[in-house]
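Here the structure comes first, spelled out in structure tokens, and everything after it is commentary.
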Amino acid sequence: LTGIPGLQHLHHWISIPFCMMYLVTLAGNSTLLCVIKADPSLHLPMFLFLSLLAVTDLVMSTSITLKMLGIFWFQSTAISLEACLTQMYFVHFSSAVESGVLVAMAFDRYVAICNPLRYLAVVFMSPLTFQIRRLPLCKPAVVDHSYCEHMAVLRLACGDTAFSNIYSLSVSTYVCTFDSLLITLSYTLILRAALSLSSPQACKKAFSTCSSHLCIIAVFYIPGLLSMYIETYHQKLPPHIQVLLADLYLLIPPAFNPLIYGIRMKQIREAVCRVISWRR
């Protein structure tokens, strides 16, 4: 693993925001899980989805950040094929689960507002990783990336990669497009319900909540798809652009999800206060 091609001289500086985002991810998501577990009033579908999102964020961020920081700080670039495939599996697994959880949470919020007491959990994961295992890999085995990203590793294959390319692009596009459409539909229905509220303050609060949710969702979907298509169709662009996009869509949402979905919720803030008072 080369880290971020073309920016190796800046690795130590780049590691600072990456490390800070990881520490925020650990602190925020761990706090949410502890609070939700400790407070029985939060044992509801909405907060179970939030717990699953927190666990997924921890897995997704940890699967790439520790090795990435090892590259940036200690030039620990070597990785075995088994470790590479394991990392790749957890990246794709957690990304697919995160997408499904975001859909479930969007639908759950719509149901809770417009049609309570009916819930649907959607989890969609795609087995992209192990197609590479059957392909012979060429040498030198140098991955121009900061983690074992699927397309970057696929470039090392000597055999015919057409099927793997088409399959991975098709499945990733389907997951992102289908899930984002469901999320958009859910929030459209939520906003339509919010517009019917008589209180301007409640309407403004609904718009503020939905806009923050949609922004962090866009940060998850758009850079991920862009990095994948740039890797496939625009290889003349500077490689660090694709690598940074692929890094940020896996690092930013896990750091901000606890704030956007958790701390801003009144129930979570009240539960934090109750947990602190119990400990005292």
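Every residue gets a Cβ built from N, Cα and C, even glycine.
What TrEMBL records for 12-35 (among others) is transmembrane segment.
Taken from TrEMBL, the feature domain 'G-protein coupled receptors family 1 profile' covers 28-261.
Residues or ranges marked as transmembrane segment by TrEMBL: 47-74 (among others). With a cut-off of 8 Å between Cβ atoms, the residues of this chain six or more beyond the transmembrane segment (47-74) that come close are 1-3, 11-12, 14-15, 18-19, 21-22, 25-26, 29-30, 32-33, 36-37, 87, 90-91, 93-95, 97-98, 101-102, 104-105, 108, 121, 146-147, 247, 250-251, 253-255, 257-258, 261-262, 267.
For 171-194 (among others), the entry in TrEMBL reads transmembrane segment.
If you look up TrEMBL, you'll see 206-229 (among others) marked as transmembrane segment. Listed as Cβ neighbours of the transmembrane segment (206-229) (distance under 8 Å, sequence separation of 6 or more from its ends, same chain) are residues 95, 98-99, 102, 106, 149, 151, 168-169, 172-173, 176, 179-180, 183, 187, 190-191, 194, 197, 242-243, 245-246, 248-250, 252-253, 256-257, 260-261, 264.
Residues or ranges marked as transmembrane segment by TrEMBL: 241-261 (among others). Sequence-distant contacts of the transmembrane segment (241-261), counting only residues of its own chain at least 6 positions beyond either end whose CB sits under 8 Å from a CB of the stretch, comprise 4-5, 18, 21-22, 24-25, 28-29, 31-32, 50, 53-54, 57-58, 60-61, 64-65, 68, 91, 95, 98, 105, 144-147, 149, 212-213, 216, 219-224, 226-228, 230-231.
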Going along the chain, which residues at least six beyond the ends of the transmembrane segment (12-35) come within the CB cut-off of under 8 Å?
4, 42, 50-51, 54-55, 57-58, 61-62, 65, 68-69, 72-73, 247, 251-252, 254-255, 257-259, 262-263, 268, 271-272, 275
Integer mean pLDDT for the domain 'G-protein coupled receptors family 1 profile' (28-261):
80
